[in-house]
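Q: This structure is in structure tokens; I'll ask about it shortly.
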């Protein structure tokens with residue numbers, strides 16, 4: 001009974017959400033490509049203006065990355081907030097900023113639980129890395145859903161995205177987490193490469209997973225859109 | 001539906017295990033054969049260039065010559081006068097780095113200052129020193145054998161390190177004996193076991209008391225001045241164990257190290273001034289050779305193949321002219337090179353199985369002209385007209401010798417293919433049997449639950465959840481990672497990574513069922529319907545946190561041991577008092593936690609008090625032992641031995657008593673005010689289950705807590721906090737399982753315990769190198785040398801955490817037992833037992849069998865790998881020991897539960913018949 005109730009509730013929110021903003025595949029493409037361009041710009045700024053790379057200065061590069069990417073993502077995703085009549089655009093932006101900090105805490109907890117080093121030396125690295133991960137995972141969801149627990153549960157608890165916005169949030173977030181998880185595997189090997197340090201290869205993994213999942217989310221939305229079109233015809 | 005009956009299941013499991021044992025032992029005996037060695041002793045042919053027509057007859061007659069004639073024959077054949085007396089001074093565990101430095105750099109100043117005399121000898125060219133690279137395993141007996149026979153032993157020599165046996169192959173000591181040289185041995189009694197009856201005088205000391213660093217060496221030195229004054233011996237062996245003991249206690253940088261080095265330096269000085277510098281009286285020339293059998297790691301352990309452990313020393317003192325030697329030239333030789341060099345210097349044949357090559361520089365004292373002329377004459381003059389060509393040829397010859405020596409050292413020995421194939425096949429078969437049994441009970445479990453559930457829930461049951469998938473994926477990850485030598489070396493990362501990932505996935509699962517509308521209301525988690533979920537979430541979070549602390553406690557492995565970790569930080573920051581305080585607090589907390597958990601179930605008050613007292617007695621004794629232990633670090637006192645033996649007895653009787661008695665006491669166990677009675681029908685079946693649950697809870701509690709107490713006693717002081725954390729993890733895991741309810745898959749929870757147990761194994765400082773085995777702890781409370789007893793203690797110390805995980809299955813069964821109250825009443829005893837015992841017993845067996853098979857295959861594939869003896873073989877020994885651990889643990893769990901069940905049903909039958917009689 002409870003489950004059924006919940007299912008119904010989920011369905012109603014889904015209906016609301018899809019009613020609030022119907023997003024086309026091209027729009028998904030646009031959002032994703034802007035985020036990817038943002039990533040590219042931040043790397044470019046880091047390497048050309050400050051001549052640092054992820055390997056030489058992991059902490060500063062990650063700082064560049066999330067500082068540049070943060071406004072882009074929050075401003076982008078706040079456009080797709082739920083029930084826009086009720087919540088203003090500014091409020092969604094505020095939720096995004098709150099989500100950035102909360103998500104950073106969650107990501108840092110996860111990373112440390114999985115074995116990230118604790119110590120004064122790695123503190124700034126961990127903070128900057130978890131800020132970046134928070135941008136990839138929590139911030140879009142925070143901007144869009146606010147504190148609606150059922151939506152969060154649907155996206156992150158059950159991984160059952162419904163509709164284009166859900167895919168747009170869910171797939172890249174999971175891609176980033178999975179990429180980071182796999183990125184940690186080379187760390188204990190004795191290859192003695194500089195990139196085996198925390199958090200370099202984990203960040204590479206996360207970024208790679210994020211990019212791949214963005215492509216996947218665009219493709220899924222595209223395919224589902226055409227399928228629905230053909231059905232309607 | 002052909003369901004698997006309990007008897008069949010048991011039978012198949014036992015068959016599977018037996019097949020596995022047979023396969024494993026076949027494989028082990030096939031893969032680790034005794035060292036293949038040529039039998040017999042080499043004779044005069046050793047001095048002649050190899051020729052095609054063997055001169056057997058001549059040899060045979062010569063072997064029977066009396067010692068004196070043999071001696072002069074050898075001297076004649078070798079063509080130069082040998083040394084007369086040899087003093088072989090073995091300093092156990094001295095790394096060559098301490099004396100010669102590393103990479104061309106001199107050693108640290110305090111080390112140079114600790115050995116002024118030896119350093120001055122080396123600086124003035126009176127002594128030549130070499131890094132004599134030892135082969136793994138770097139433990140004393142195989143290394144002594146390598147030094148005197150010049151052969152590399154098989155890997156299994158380690159296994160016999162505690163059970164020394166006479167060396168039967170050709171070796172220097174036997175050759176010395178054959179030519180009638182008199183030998184004296186002072187020091188480690190391993191020599192006496194290797195060469196029984198060959199020494200005219202000896203005073204053996206035992207390497208048994210690892211904590212004794214003073215007396216063990218005084219017992220060697222006390223005879224030294226006397227022996228140096230006498231001239232009736234030709235070979236004097238001094239084996240000093242103290243330095244190795246210092247290393248075992250305090251590591252390379254121990255405060256005792258410099259005084260010990262000075263003591264060794266004094267001995268060198270005494271011999272040099274007393275014997276070598278005044279070589280008159282026509283007593284002939286004396287050579288002093290200072291060697292070490294192996295080095296030590298930073299923490300003072302040895303056994304593996306790292307540079308620190310294999311870097312052993314060889315110093316020749318008394319070669320008059322060592323012009324060929326300059327300290328800047330390459331001064332690295334192999335340990336096996338010592339044997340042929342000494343053989344030639346002392347005019348005996350080179351031992352038959354020798355793979356070492358001569359250390360050429362040590363022959364600089366010979367009359368060069370004669371020596372070179374002879375060898376020159378023996379060459380074919382027509383081809384070698386120019387000195388340069390001669391040098392090329394000599395260079396090529398030396399190169400060949402070096403390559404041949406290395407090849408022989410590393411040679412993978414011939415293995416009986418049939419035996420190996422049969423062993424592997426048996427192991428694969430048993431693995432398949434166990435896995436199919438697991439699959440069957442899984443399926444059965446699934447079917448029965450399908451019946452009980454509604455359709456909607458049924459659908460969610462059928463889909464694979466992420467945590468289930470991951471639990472299976474973990475096995476593949478482990479199997480794949482075993483093929484990489486660096487992953488084997490750093491296995492602790494994998495176990496921690498997968499166990500914490502699994503815990504995170506369970507956290508996600510617990511969050512799935514949280515029923516909150518808005519995220520803000522997360523804070524009133526513990527109200528209303530979310531209470532269970534809230535407890536689950538908190539439990540998992542605690543598991544994660546304690547797992548992370550455990551992971552940070554020891555920076556295990558091989559490559560990153562120097563990275564900071566909590567144990568190093570504590571040892572550096574805190575003095576002994578802080579460490580002791582931490583140990584005491586951890587002990588107190590373990591006791592408090594155990595007593596608290598005893599009150600979780602609403603049992604009978606008085607009985608709980610009695611059991612609590614039973615537990616408190618050994619607990620306080622352990623605390624007292626901790627208080628005493630640090631004061632008497634350097635000398636084992638008889639009082640502490642008695643105390644420890646008392647603790648062993650109390651622990652043993654306590655556990656056994658509770659395990660045997662609690663099923664009989666079960667009716668009183670259940671308190672009258674038990675809350676379950678209020679809402680439960682007092683039917684016979686339910687009461688039976690309740691009794692089963694209570695008594696198995698009590699037994700499980702006793703197993704867990706007494707095991708932890710024992711570990712507090714045995715483990716190193718620094719490991720007391722990890723023990724506390726492991727205990728906390730077990731209890732928290734139990735509470736998670738209690739709240740997870742009946743619909744949670746049992747096998748995931750059992751697998752979680754198994755994974756956490758393995759992660760904890762590495763958190764206690766273990767690794768896949770033999771060097772991390774805690775040898776010092778294996779002698780706690782043993783008053784006389786016993787290989788078996790200390791072996792058992794060593795096993796208990798090493799496998800503390802996996803054993804705890806498996807033993808906790810008794811409590812797990814009790815915690816989960818309440819689920820079976822929901823079962824239909826007509827379930828027969830076999831079905832119930834099967835459901836109780838199925839996963840907790842079969843899953844560890846199954847998981848372990850997969851890992852065993854995988855590691856066997858890896859070992860076969862890697863048999864020619866460079867690291868086969870240093871990485872893969874030790875890992876395989878660990879896997880074998882783990883298999884034994886699983887067998888023991890599972891059989892204890894199964895025996896306990898079956899015993900409890902049997903006693904309870906027996907009592908029920910008796911009760912039933914009594915009541916029938918009463919009615920009549």
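Glycine is treated like the rest: Cβ placed from N, Cα and C.
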Q: For which of the residue intervals B:560-580, B:581-601 does TrEMBL record transmembrane segment?
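A: Transmembrane segment, as annotated by TrEMBL, spans B:581-601.
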Q: According to TrEMBL, which listed range is transmembrane segment: B:671-689, B:804-822?
A: B:804-822
Q: Below 8 Å between Cβ atoms, which of the listed ranges B:12-32, B:419-442, B:581-601 makes the most pairs with the transmembrane segment (B:876-902)?
A: B:12-32
Q: Checking distant contacts: for the transmembrane segment (B:419-442), what same-chain residues at least six beyond its ends satisfy Cβ-Cβ under 8 A?
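A: Distant contacts of the transmembrane segment (B:419-442): 4, 9, 12-13, 15-17, 19-20, 22-31, 747, 834, 838-839, 842-843, 845-846, 849-850, 852-853, 856-857, 860.
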Q: Could you pull the average pLDDT for the domain 'GPI ethanolamine phosphate transferase 2 C-terminal' (B:467-900)?
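A: Averaging the confidence scores along the domain 'GPI ethanolamine phosphate transferase 2 C-terminal' (B:467-900) gives 83.
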Q: May I ask for the residues of the chain that lie six or more residues beyond the transmembrane segment (B:647-665) and have a Cβ under 8 Å from a Cβ within it?
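A: For the transmembrane segment (B:647-665), the list is 607, 611, 614-615, 617-618, 621-622, 625, 691, 695, 698-699, 702-703, 706, 709-710, 713, 781, 896, 899-900, 903-904, 907.
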Q: Sort out the residues at least 6 away from either end of the transmembrane segment (B:842-864), same chain, that have Cβ-Cβ distances under 8 Å to it, and list them.
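A: Non-local partners: 13, 16-17, 20, 24, 27, 31, 412, 415, 420, 423-424, 427-428, 430-431, 434-435, 437-438, 441, 475, 478-479, 482-483, 485, 747, 750-751, 754, 806, 809, 872-873, 875-876, 879-880, 882-883, 886, 889-890.
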Q: Output the single range from B:12-32, B:463-481, B:606-627, B:696-714, B:746-764 maximising the number of Cβ pairs under 8 Å to the transmembrane segment (B:720-739).
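A: Stretch with maximum Cβ contacts: B:746-764.
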Q: For the transmembrane segment (B:581-601), what are the same-chain contacts with Cβ under 8 Å, counting residues 6+ beyond its ends?
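A: The answer is 570, 574, 608, 611-612, 615-616, 619, 622-623, 626-627, 694, 697, 701, 704-705, 708-709, 712, 717, 720-721, 723-724, 727-728, 731.
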Q: Where else in the chain does the transmembrane segment (B:12-32) make close Cβ contacts, counting only residues six or more beyond its ends and a cut-off under 8 Å?
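A: Residues packing against the transmembrane segment (B:12-32) from afar: 154-156, 415-416, 419-420, 422-427, 429-431, 433-434, 437, 841-842, 845, 849, 852, 856, 859-860, 863, 873, 880, 883, 887.
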Q: In terms of Cβ proximity under 8 Å, which residues at least six beyond the ends of the transmembrane segment (B:463-481) contact it?
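A: Result: 487-488, 491, 494, 498, 501-502, 505-506, 508-509, 745, 747-748, 751-752, 755, 847, 850-851, 854.
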Q: May I ask for the residues of the chain that lie six or more residues beyond the transmembrane segment (B:606-627) and have a Cβ under 8 Å from a Cβ within it?
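A: For the transmembrane segment (B:606-627), the sequence-distant neighbours (Cβ-Cβ under 8 Å, at least 6 residues beyond its ends) are 580, 583-584, 587-588, 590-591, 594-595, 598-599, 640, 643-644, 646-647, 650-651, 654, 657-658, 665, 668-669, 698, 702, 705-706, 709, 712-713, 717, 720.
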